[in-house]
Amino acid sequence: MNKTITALAIMMASFAANASVLPETPVPFKSGTGAIDNDTVYIGLGSAGTAWYKLDTQAKDKKWTALAAFPGGPRDQATSAFIDGNLYVFGGIGKNSEGLTQVFNDVHKYNPKTNSWVKLMSHAPMGMAGHVTFVHNGKAYVTGGVNQNIFNGYFEDLNEAGKDSTAIDKINAHYFDKKAEDYFFNKFLLSFDPSTQQWSYAGESPWYGTAGAAVVNKGDKTWLINGEAKPGLRTDAVFELDFTGNNLKWNKLAPVSSPDGVAGGFAGISNDSLIFAGGAGFKGSRENYQNGKNYAHEGLKKSYSTDIHLWHNGKWDKSGELSQGRAYGVSLPWNNSLLIIGGETAGGKAVTDSVLITVKDNKVTVQN
């Protein structure tokens, strides 16, 4: 069926009713990570636990195949990237040997030829959770994410509180009732060279770090879209990293999903059109924060966006809608489109389906 998007009265989005984009994931899948290499999609972790799966998108009989389990334990919010035929997995949130929830700063490598994992003797100089990862000129770049010490301390306090609800309420109030700058989200840009397994300083944002941003890159440019400015408070900011020439430049583009912004959204490119879709946030939190309420999302219900935005002539236009709001899935480039795998919908429910967003002549097509 075709559906005209009347908001802004500019563009049209059509919802394809034919066969599913990809087979359903083997388990409901959210808060995991994924990558694509030579038309083969790899997904894992998050609600899949330590499981990883692959799917050959060019196969006549498309199906998910289980891979060797991840050796680092179940993790949420890890990131991954393919470099020179190997899959690298960065950080994430999980439990340590003592059973405490913590942020990791380690790196694991998966070899598709041998279906085997190895933990590298390499540690990022800071924790990696809520961060983004992208590849440029054979290196992985990481930026954003929560502060490892603050985040780990929060969960240590919760562990000590046990089932004491009064203590838990006090810990939560103490944790959330701070200004954004007091969470020290990572604004550094780090590079990881797989040939040496060394981390290097590559620059830093002139503004602030975010957690749960959407990321997409093409050529010498990378875009970081929305994300958290602090726990429970999103931003509508859009940052552009330009690697053209010898000097990295940071640019701030027009905002999107204003005024509250979202985290866990999806970003991609189709026919040179920059796409941003979905995400989750708390409506009214930005106003609360501006009015001096640091615990900005207290009492607010998380909402899930259906909006699809396109970057056009220096601004964002709402150009389509998802069939339902979703966030915290995996977004990948495929068939000159944005492929979304899994995610969560209202109430935090993990899903198993995929969505393909294609843009042609400023017309958005959504295939479910």
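Every residue, even glycine, has its Cβ placed from backbone N, Cα and C.
For reference, Swiss-Prot has these:
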type     : residues : note
ACT_SITE : E228     : active site, proton acceptor
REPEAT   : 40-84    : repeat 'Kelch 1'
REPEAT   : 86-137   : repeat 'Kelch 2'
REPEAT   : 139-173  : repeat 'Kelch 3'
REPEAT   : 174-219  : repeat 'Kelch 4'
REPEAT   : 222-265  : repeat 'Kelch 5'
REPEAT   : 287-336  : repeat 'Kelch 6'
REPEAT   : 338-367  : repeat 'Kelch 7'
SIGNAL   : 1-19     : signal peptide
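Tallying C-beta pairs under 8 angstroms between the repeat 'Kelch 6' (287-336) and each of 40-84, 86-137, 139-173, 174-219, 222-265 places 222-265 first.
Residues 22-23, 25-34, 90-95, 104, 106, 108, 110, 112, 115-117, 119, 128-135, 138-140, 142, 194, 212, 330, 332, 334, 339, 341-342, 350 of the same chain lie 6+ residues outside the repeat 'Kelch 1' (40-84) yet bring a C-beta within less than 8 angstroms of a C-beta in it. DSSP classifies the residue listed as 'active site, proton acceptor' as strand under the three-state reduction. Other C-beta atoms found within 10 angstroms of the C-beta of E228 (active site, proton acceptor) number 26, with every protein chain shown included. Long-range contacts of the repeat 'Kelch 7' (338-367) within the same chain, counting only residues at least 6 positions beyond its ends with a Cβ under 8 Å from a Cβ of the stretch, are 10-16, 18, 20-22, 24-25, 27-32, 34, 36, 41, 43, 46-47, 264, 266-271, 273, 275, 277-278, 280, 302, 304, 308, 310, 312, 319-332. With DSSP states grouped into helix (H, G, I), strand (E, B) and coil, the repeat 'Kelch 6' (287-336) comes out at 4 helix, 22 strand, 24 coil.
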